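Down below is the structure, laid out as structure tokens.
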Amino acid sequence: MNLLNLPKIELHCHLDGSLRVETAIELAKKEGVKLDSYEYDKVKELLVIPKECNSLEDYLNRFALPVKLLQRAENLERVAFELMEDASKENVKYIEIRFAPLLHLEKGMTQKEVIESVIKGIRKAEELYDIKGNLILSCLRHHSIDSVYEVIEEGKNFIGKGVVAIDLAGGELENFVKPYEEVMKLARKAGFRVTIHAGETGYGKNVRDAIELLGAERIGHGLFIFNDEEAYNLVKEKGVTLEMCPKSNIDTKGVNKYEEHPIYKYHKDNIKVNLSTDNRTVSNINLTEEFENVHKTFNIDFEDYKKIYLNSVEASFCSEELKEKLKLSIII
């Protein structure tokens, strides 16, 4: 299989974890952000996960510089455009980009301006490249629940205009779900689709709770459903798609190597999986490389690939009309 040329769907990709190193250097100089060095390799070290990373918390530290650099509308628009451009070059036909709007208000932008600027970058790329994109608004679990209400209140104005879903992200504690039950009910009522980061760091039960209490239609990672039989069966029975990012899970020590990752086992047991990068820069990976690693490890064939692709289309939060177009890309 020529994996580069095959069509792809990416459903789990963080904007602030996917900046080009060159762009980070330019923006740091423009914004007067002082760095020890502006040399490519030195800046890359600030953005890409170090080999000695031992946890999700260590991994999340790589976001400090990108967040500093993305406090102006033109910067957000640029990095959204560039992410779409990069994805299009490896034949990604559709991507859902996620980011947390409340992290980008430090220099006076409103949430409305933040969201608009990212959508503008996505739409500009759509005009130039054979790719479509939508936005998922992430809320961070270490922020207050009131902050989720803020995101819903502003974000609902963009549903159907570039925003499709809401997400809970950040460090994952056991039993984090329950306090979000009411606010996620409100989000669903407002028209948001729901995907939740859960089961990334050892707690399969969080996946079960995210589906049952928050109405999650997709799960970010879901790596550890194998340690909770009820969660495993629920995901399988309800056809909930797991947005799986093996390289990221290796980086955060969820697993130690590709051979230990359950993505292929889940796929073969008819659990719906999507393969994504999570953070292209932080994990130093693109989607073609991720597929190559999975192909090399598990010897997936074209039928496996096609099944994952078509499932990813169905699991996406885009329009039915676009889904039908995307399905045609894989008919060979």
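For all residues, glycine too, the Cβ spot is worked out from N, Cα and C.
Site annotation (Swiss-Prot, ligand Zn(2+)) includes H12, H14, H197; from D278, D301, D304, the additional listed residue is D278. Using a 10 Å Cα-Cα cut-off around H221 (site 'Important for catalytic activity'), the binding-site residues H14, D16, G170, H197, D278 reduce to H197, D278.
Long-range Cβ contacts of H14 (Zn(2+) binding site) within its own chain (separation 6+, distance under 8 Å): I97, R98, F99, S138, A169, D278, N279, V282. Taking the mean position of the Cβ atoms of H14, D16, G170 as the substrate site, the remaining residues of that chain whose Cβ falls within 8 Å of it are L15, G17, L60, F63, R98, F99, A100, L103, S138, L140, A169, N279. E200 (active site, proton donor) falls within neither a helix nor a strand when secondary structure is assigned with DSSP, and so counts as coil.
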